[in-house]
C-alpha cells in the first residue's frame, strides 16, 4: 500500500483500535465512549454510544438517562442500573516529523515522493527508498515483490495514515535556516531556489540543489536526468522542494501580514498581484488598487498618472506650509506647493517635478529649493512607490 500525503489539519489520526475524542488529543479503547470530565479533559465510559451524565463523573448505557439523585441509569421500561464511573482517557503523544507536522503515537514519519510527510503505522519503521512504502522495524524493503522481508518471513506493505499539522514550536522557529532576510527553512532542511526565483526547502540537511530548480538530492549524490539522484551505481528518486517560509518568530518585531507572512518593522503589508503579500517600504502606507504600488500615509494613489497625490489647501500660499504650526504637521516644504513628511526627503524627479524619497537625509543632486536631506513626507505629486 502507498503512503498518503500528510494532511495539514488540526486533528490527530486515531489508532485502529481506539476512539478519538473531540479534543483530537485523547483516545478511548474501542467499544467505549468519550465523555468530558469535570477538569475539561476527556474520560472513557466503558461501553459504546453511552450517555454522558451532566456531573461529568458518571455515564449510562445507550438509550438510558442519568438519575443523579438516585445514582441510577433509567431506561424507558423503568429498569434501573447503577451509574458507571468514567475511566481516564489515553492522551495521544504525537511523533514530531518537523516543527509543523506530526504523526500519531506508535507511528513513524516517512517522507513521500513530494517531500511532504506521511505516517507509517509502525514504531521505528523502516522507510523505503522509493519514498512510497515502509516496513516494520527489523525488516527490509523488497520493492520488486512489494513486501517487507526478514529472513524467511514476509509481510505486505502497510498503508500509511495521514500526518497532521502541529502548532509551531517557537523555539524550533528560532532555529530556522535563513535563506535570505525574509525566507527561511526548518533547521533540518536546505534552502534551494525554485524555478520562480523564490526560495524553496529541500527536506534534508546539506542537500545538493539540482539545476532544474525543482529537485534536490542527498549529500554525496549527483543530480541526473528525470529528477533522479546518483551515487556510483546507486540511483534514487530526487526529492521535490517545498516553498520556504516567509515569516519567522525569530524576528519578533516584524509586522505580521497573516500567520505565514510578515514585513520588517517600519514597513506596511500590501496585497500583491499574485494574491499573496508584499512589503511597502513606508510605515502606515496606502496600498494602491493596482496591487503593485503604494503611497505614503495621507496620500491617495493616482494609478493612471503613476503618482501619489495630496490635496494642497489653495487658500494658503505654499510658503506658509513649513512655518505654520497648524498646517502640515511634521511636513517639510519642497517648494512650488509640494511637501514631504518628516521621515522622507524632497528630491527632483525626471520631469523636474518634486518627489519624496522614503528615507531621511538622502543624498540627491541639489536643485534650487531642494537642499540636501530636506524633509520628508509625500508630495502632492509623488511617483508611486513600487512594492
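The backbone N, Cα and C atoms fix where each Cβ goes, and this holds for glycine too.
Keep in mind that TrEMBL annotations are predicted by a computer and have not been checked by a curator.
As given in TrEMBL:
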DOMAIN    53-66  domain 'Granulins'
DOMAIN    128-141  domain 'Granulins'
DOMAIN    210-223  domain 'Granulins'
DOMAIN    288-301  domain 'Granulins'
REGION    368-387  region 'Disordered'
COMPBIAS  377-387  compositional bias 'Polar residues'
Do any residues, 6 or more residues outside the domain 'Granulins' (53-66), come within under 8 Å Cβ-to-Cβ of it, and if so which ones?
33, 35-38, 45, 47, 73-76, 81, 83-86
Could you give me the DSSP helix, strand and coil counts for the domain 'Granulins' (128-141)?
0 helix, 4 strand, 10 coil
What does the DSSP secondary structure composition of the domain 'Granulins' (210-223) look like, as residue counts for helix, strand and coil?
0 helix, 5 strand, 9 coil
